Amino acid sequence: MLGAETIVAIATPPGRAGIGMVRVSGPDARAIVSRFVTSIAWQPWQAHLAKLLDQQGHEIDQVIVTFFERPRSYTAEDLVEITCHGSPVVLRHAVERALEAGARLARPGEFTLRAFLNGRIDLPRAEAVRDLIDATTLYQARIAAQQVEGSVSRRIAPLKEQLLELIALLEAGIDFAEDDISVAPPAEILRRLSPVLEGTERLAASFQYGGLVHQGLTLAIVGRPNVGKSSLFNRLLEQDRAIVTEIPGTTRDVVSETAAIGGIPVKLYDTAGIRETEERVESLGIERSYQAIVDSDLALVVLDLTRPVTAEDASLIARAGARALIVANKCDLPAAGDVPAEAIPVSALTGQGVPELRSAILDAVAPKGVLEHETGFITSLRHEQLLREAVEYLQKAREAVASIPHEMLLLDLYAALRPIDAITGATTADDILNRIFSTFCIGK
């Protein structure tokens with residue numbers, strides 16, 4: 001399904017830069033670019049030095065033109081990339097000349113949409129392109145790159161193939177029903193259905209960890225005044241973001257910032273010290289501290305090892321419940337007491353124990369090693385929801401194998417096939433595709 005129109009867009013971020021790129025894709029890409037660059041050989045997949053011209057034929061810039069001949073291009077169409085100096089004026093001029101020559105401005109994500117529609121990539125790979133662009137940590141980029149190479153698609157394909165084989169078996173059983181030949185007894189159906197169901201369930205369940213890669217964690221740092229919450233906040237961020245003083249109540253409101261812990265984006269919340277107070281502004285800050293515990297995935301309850309554990313400390317730990325990680329700060333000081341059971345000793349001042357704290361944060365949300373070594377999990381909420389839908393129909397089919405005719409069983413199996421196909425884009429509605437690709441940047 002090659003695009004009938006030729007599209008153009010700037011493919012590099014806005015603003016001044018050393019270089020910039022304009023992309024042109026479609027049946028007339030080569031002819032359109034020929035209108036505003038000097039003559040080149042147009043050898044496919046080779047870089048050609050040329051000059052970008054204005055309407056009067058004056059040189060605007062010296063550029064590199066690369067022609068990718070269909071179908072061996074990103075979009076599977078004729079594609080031309082013009083690399084020039086990254087002046088916004090020069091880039092806009094190249095786009096304007098392409099528009100004058102018959103191209104139209106590309107919509108967000110339209111280059112990747114064409115790659116999908118033309119069979120160059122499937123939908124999970126297209127979505128992974130967006131995730132790679134949006135990656136804020138190297139770990140996110142690594143997982144997205146694996147998905148661009150097909151890690152999700154490779155796990156979906158055998159499930160679909162096994163399901164289609166079972167459907168074909170049942171369809172054949174219906175064809176031979178008049179001859180009293182049973183080609184698909186219940187035991188055989190269950191033998192074939194069980195691995196499909198179990199594989200789909202495992203893949204859906206992998207979102208529990210894969211979702212962390214994409215969505216990240218929220219983590220509240222809470223405790224009494226002057227236990228070192230802001231110092232720990234700064235230490236985890238590896239920058240001085242929060243104000244640190246010896247005056248109790250310095251932090252009056254929740255301060256948030258994002259850090260990378262083990263490659264996972266973690267939204268950190270530094271909160272007001274929790275204590276009894278009649279001061280109105282501080283009281284509001286303390287209320288927000290309590291709310292931060294409720295809203296966060298984890299709560300670091302910070303204790304001061306130079307002071308005894310109090311009822312307020314115990315109350316905070318109880319309030320955080322299973323989400324609590326107890327941090328015993330100031331372990332470097334001579335006055336530090338014994339570390340409470342289950343607490344992680346750290347020094348926010350020197351960094352002692354902070355690597356162990358980072359590991360404990362990751363271990364609290366995923367089994368040790370899962371995030372480091374697992375690469376086949378899904379990171380898309382859309383994929384997880386569709387897999388859960390498929391699981392529902394597969395479970396219905398398994399429960400009814402021995403009690404309903406094959407025709408009825410097939411209804412559930414076909415119903416399970418639809419969401420699986422929707423993941424890969426085989427049967428995805430246009431409005432869903434538009435919603436997905438509208439989240440891409442223009443030029444990609």
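Cβ coordinates come from backbone N, Cα and C, glycine included.
Among the candidates R23, R30, R382, R388, the one that Swiss-Prot lists alongside E81, R120, K444 as binding (6S)-5-formyl-5,6,7,8-tetrahydrofolate is R23. Reduced to three states, the DSSP call for R120 ((6S)-5-formyl-5,6,7,8-tetrahydrofolate binding site) is coil.
When the binding-site residues R23, R120 are compared by the number of other CB atoms within 10 angstroms of each CB, R120 has the fewest. Largest CA to CA distance in the (6S)-5-formyl-5,6,7,8-tetrahydrofolate binding set (R23, E81, R120, K444): 18 Å, whole number.
The binding-site residues shown are N226, K229, S230; of these, the one with its CA atom nearest the CA of E81 ((6S)-5-formyl-5,6,7,8-tetrahydrofolate binding site) is S230.
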